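A.B. asks: Among the features that TrEMBL reports, repeat 'HEAT' is placed at 10-48, 164-202, 203-241, 242-280, 281-319, 320-358, 359-397, 398-436, 476-514, 515-553, 554-587.
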Amino acid sequence: MAMIDEPLYPIAVLIDELKNEDIQLRLNSIRRLSTIARALGEERTRKELIPFLSENNDDDDEVLLAMAEELGVFIPYVGGLEYANVLLPPLETLCTVEETCVRDKSVESLCRIGAQMREQDVVEYFIPLVKRLAAGEWFTARVSSCGLFHIAYSSAPEALKTELRTIYRQLCQDDMPMVRRSAATNLGKFAATVEAAHLKAEIMSIFEELTNDDQDSVRLLAVEGCGALGKLLEPQDCVAHILPVIVNFSQDKSWRVRYMVANQLYELCEAVGPEPTRSDVVPAYVRLLRDNEAEVRIAAAGKVTKICRILNPELAIQHILPCVKELSADSSQHVRSALATVIMGMAPVLGKDATIEQLLPIFLSLLKDEFPDVRLNIISKLDQVNQVIGIDLLSQSLLPAIVELAEDRHWRVRLAIIEYIPLLASQLGVGFFDDKLGALCMQWLKDKVYSIRDAAANNVKRLAEEFGPDWAMQHIVPQVLDMINNPHYLYRMTILHAVSLLAPVMGPEITCSKLLPVVINASKDRVPNIKFNVAKVLQSLIPIVDQSVVEKTIHPCLVELSEDPDVDVRFFASQALQSSGQVMMSS
């Protein structure tokens, strides 16, 4: 008897839990649908589980969202593609609910199922579903239908294709702005499946209607589809149909639409080719760079390098550069920050002379900007300029500003400079580095901010790798080791960290003669934090030095630390002793 009842058990649990007041139980139950379907078998899943889910009108969006997600991957549990159509009814119901994220997930799952369905099933089940949703009384159904047309269209016979195009046009003219927005969002996907002849005749006229919509939210979504549509059309059609719309939109009364144009302009330039870009797009782009809304200027400034790459240098210098100069002194710090992120990329486009004459002054003004993010964005891209103008000019013009930033009051700016130092050092060479930047590297080891001290210790190691142990022994190691006597224990800890990083680079000889004595000395420090860091450093030195040094120097020191009154010191010392013990045992 128990054997007969067994298959009923999972569905009974599911139904109980799905009706439970506790949302967490209902959610868990939905997320276990695949397990339950496997237990029931394909036929009972089709005949009992799916109808039950279709009737389940749970009012909690989280449960509905989980159900929409699960059903999207349910084809194997209902018997494969042959029976995929049984999954459509519950998802169709979910496409009409009020919560947007549930509808979106349902549409996504329907698209996934529709893309796998056999062609005759798409015609028999999927296309009627799309038509029912498109004719739905509630706007939610019509909104959802817009995202399904691109799946339905490719499998439809000719007569149905014509009907689908007509229905889509009607959705684009719907009374509800939400439906028109959805139609505008999905136009690019639908257009990609439509034949070339209908693309020009019908889709472009739909696009033009959307671009003339009285709601700015619809117009800006139409703009968003410009790039996708432009790639589907021949360049000459793109110039005829899309370019005038974009140029017109660059003067739209809604700043959101102009913002979207600024974001999409580069994709459009790629679609129309260089000639129309020069004659039509550049004036529109210049307008956007000088827009009275900061958000639009931010979007336009972020594309300045990409647009310049399409133009020849003369045009960029003539039209774009004057705007860049204005933006570098813009009243909005966010505009200046967006410009600083990309402006370095203009150097290779404009060439050496124009960079020196026109761009360097802008770089310098941005490097001295009062807003730290602007300075940061310039610092992180300096190498792009170096490739164009060479290190001599870069060091003469920008290095004073870099030295100034090394002492910037914002620690993140100091951090960015530190991270850039090894690259700068390799480009400037040893001589130049010693004169100008050596002292700075030592200064950072005594910074008030831990992240700076930590980065400075890593910086010292990277410089030793770059210039070699001999140079480090002469210029870095003595100054670093002198700081171990600093009265502040946090600075002494930084030096211990620097020693542990330098040891592998310097090799066993220098580690034993110069670095190890300093660490052993620090084990007598009165601060427990220093002592347990000594134990950690000694543990890291064990693999580097000779075994005799471990036995004679490191091991006795660790034994002493393992008897320290402080519990943390004892803990780390005993950990290090295990390592030293293993080395001594292996001998």
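Just so it is clear, glycine is given a Cβ too, placed from its N, Cα and C backbone atoms.
Burial and contacts for the listed features, if you can.
C.D. replies: Within the model, the repeat 'HEAT' (10-48) carries an average pLDDT of 73.
Long-range Cβ contacts of the repeat 'HEAT' (164-202) within its own chain (Cβ-Cβ under 8 Å, at least 6 residues beyond either end) map to 127, 130-131, 134, 139, 142-147, 149-150, 152-154, 156, 209-210, 213, 215, 217-218, 221-222, 224-225, 228-229, 232-233, 237, 241.
Within its own chain, the repeat 'HEAT' (281-319) is flanked in space by residues 243, 246-247, 250-251, 255, 258-259, 261-263, 265-266, 268-270, 272, 274, 326-327, 330-332, 334-335, 338-339, 341-343, 345-346, 349-351, 354, 358, which lie at least six positions past its ends and keep a Cβ under 8 Å from the stretch.
Remote same-chain partners of the repeat 'HEAT' (476-514), defined as residues 6 or more beyond its termini with a Cβ less than 8 Å from a stretch Cβ, comprise 441-442, 445-446, 450, 453-454, 456-458, 460-461, 463-465, 469, 521-522, 525, 527, 529-530, 533-534, 536-537, 540-541, 544-546, 549.
Within its own chain, the repeat 'HEAT' (554-587) is flanked in space by residues 516, 520, 523, 528, 531-532, 534-536, 538-539, 541-543, 545, 547, which lie at least six positions past its ends and keep a Cβ under 8 Å from the stretch.
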A.B. asks: Can you count helix, strand and coil residues in the repeat 'HEAT' (554-587) using DSSP?
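C.D. replies: So the repeat 'HEAT' (554-587) is made up of 28 helix, 0 strand, 6 coil.
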